[in-house]
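> The following block contains the structure, expressed as structure tokens.
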Amino acid sequence: MFSSILQTLPQVLIDGLALGAIYAVVALGYTMVYGILELINFAHGEIFMTGAFVETAVLFIFQGAGWLTDMPAWLSYVLIILIAMLVTGALGVGIERVAYRPLRKAPKLILLISAFGVSFVLQDVIRFIAELKTGNYIISTPQLFDQRYQLPLSSISSWFTDASVKANTLFIFAIAIVLMIGLDIFVNRTKWGGAMRAVAQDRETASLMSINVNKVIVLTFFIGSALGGSTGVLFAQQYGTIDPYIGFILGLKAFTAAVLGGIGNIRGAMFGGIVLGVLEMFASSNLGILTGGNFGAEYKDVFAFMILIIVLIFKPEGIFGKAIKEKV
Amino acid sequence: MGKIQTMLQANKLAQGLLLAAFILVTAGAVYLIDRSVTAFLLMLASLLLLYYTSFSNGMKWSIAVFLLVIVIPFATSGGTSRESYMEVATQCGIYVAMALGLNIVVGFAGLLDMGFIAFFAVGAYTYGIFATGQANNFISGELFPLSGGSFWIFILIGGFIAGIFGILLGLPVLRVKGDYLAIVTLGFGEIIRIIFNNLEKPVNITNGAMGLSSIQPPDLFGFQFTFPHQFYFIVIGILLIVIFAVRRLEHSRLGRSWKAVRENEIAAQSMGIPLIRTKLMAFAIGASFSGMMGVVFAAKQTFIDPTSFTLIESITILVMVVLGGMGSVPGVILGASLVTILNLQVLTEFTSWLNQLSQQGIFEVPNALSPSKMQRFIFGMILILVAVFRPHGLIAARNRKLPPEAVKDPSPPLSKPEVQPD
């Protein structure tokens, strides 16, 4: 049993890291909005999904115009990511304006209900559009990179079997690292980032210090949503098929990642995402082996939620978060 | 118009006559006209009209019971579409009871539970497993299926087990703050569905995605309940008990504790309200209503599988509560009836009408936009619009009124009227 787990370990790690990078970038969106508004932006998972659909749409347009063959694949990839980021960023700002800003003084419960509403409307609107254009809402996207690299690990040690890496996986790592470092620098080193941190700490005081709170909130939504949308592109390229309901379960898991790292904490979200991705991949390939075939990969979602519940019970502030005493 | 309104408000006799006339006309229409959805809906609307009359509470209740138990079953018995009307009415009753259960959790205690359908599933499977041969797989002795007579006990058992699940979910979850709760309960709803979907090995308990079929129908002294118009009476019976229980609970010590916890947890705690126990009670009682209706649902459908318990069902129930008005019992009843009728009657009728139009070639509606598929969109819009424009719902919750002397007091009221969100 142990040796069979060890044999697949390199492949599990590679796939897990790719999944984890996706979770991490989506989790950033949750954590940023939570940090600033103390709102779980439930529609974030749907923004991610919208990003995936924008990718497919743009890819089809590029294909129709014949640009895909003219441009190098990486260039069209980067272009698509930029377009998806712009569209989803604007979408995030629009959602904030329509569904969250009128409710800023309302009780939390009302705000959360509105967020759920937005998420369902988005799911169905995307379904209309996809079904109207293609006749089916489950869509498979053309792949930009289809190379695979073999890692001859079995020649290093007989413990392992060979693993393979998709070219797209490497691209995911690159993009995720660029986005995360970029965001970290933006939040910690720039004037706008400082304003963002100030609003997160104390909105009232920040507004007295001549910070335009509304602008900062809009910017936060734009960046958070753009990150979610860009991940949608990565996801669609990695897994090939998308449907309007992928955002829901992935959003939940990214939220789990954000909680795991400590919600409101940007570096924590990155860490939580990677950990969750690896754990989930490990569970989905090894749960069957570990339980003698009784509980298989179909329980991997259950496994992720168990992590969420366990974290919330034992360390609700997350691994990197600080426990905050509630003020009266 | 205003004059007539004030006159009506003052004159109970006029109200009574108007109501009686309305009921007579609509019930007569339902009885005489075949397949008239409008007449049926108007007949149900007489209950709403009744709510707005100024009769005493006891009077309203007796009229409502008279309408539900005698007038509606009799009026629908005329046409050929009796079973489909009764099916709608039964579904309405099931959803009203569930929405009232969720209202305890969301409306009274202020805990957003997004996985409420899980408790319904627990109730349904509790009856489903023991009222089919399924239980023979893990209990030896070929005792199952139990006879339909056990249904009546199982209503209680289903409620009880769902309540236990409510506590099991609540214990770990209620230690965290409100907004995490929504996500965790959402996850819980999915977990329950995944488990029911896969629990066919190592021991076959739920029969997995195949579901449980030929569940025993209920049976009372040899009389078998199989048709919707028979289930209608079971549902109405349970519903009346549930409404009575909710109204009593709302103003009880526990109910006031729930509201206190909803308004401010820390203040409530410092007034000596045991936080965890109060919240757990809300979860358990809300879940048990849902579980009871799950048993009825399983017996009515005689077939259950995990696809009946998806997220969209949880959302449907939440929409009912939010639309009607969180914490308001009449509001939730109205909201649940409206959403159920929208789901079962309006959307399907509208879709078939559109289909007819496109068949006649008047105009083409693409299949993707067919209204019966638009549930998510409609529910989402309802949630946003209600949250932004009418956070108190259609019928806002009211606390018990002060005696008139206290209201007439010229000194300014103690608490300002609630600030509307801008």
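Quick reminder: no glycine exception, Cβ is built from N, Cα and C everywhere.
From TrEMBL, here are the annotated features:
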TRANSMEM  A:12-35  transmembrane segment
TRANSMEM  A:47-68  transmembrane segment
TRANSMEM  A:74-97  transmembrane segment
TRANSMEM  A:109-130  transmembrane segment
TRANSMEM  A:167-187  transmembrane segment
TRANSMEM  A:216-239  transmembrane segment
TRANSMEM  A:245-263  transmembrane segment
TRANSMEM  A:270-290  transmembrane segment
TRANSMEM  A:302-320  transmembrane segment
> Can you name the far-off residues of the same chain, 6+ from the ends of the transmembrane segment (A:302-320), with a Cβ under 8 Å from a Cβ of it?
252-253, 255-256, 259-263, 265, 267-268, 271-272, 276, 279-280, 283-284, 287
> Top stretch among A:12-35, A:47-68, A:270-290 for CB pairs under 8 A with the transmembrane segment (A:167-187)?
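Between the candidates A:12-35, A:47-68, A:270-290, the best contact partner of the transmembrane segment (A:167-187) is A:12-35.
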> Could you tell me what the rest of the chain brings near the transmembrane segment (A:12-35), counting residues at least six beyond its ends with Cβ under 8 Å?
41, 44-45, 47-48, 163, 165-166, 169, 172-173, 176, 179-180, 183, 196, 200, 220-221, 223-225, 227-228, 230-231, 234-235, 238, 250-251, 253-255, 257-258, 261, 263-266, 268-282, 285-286
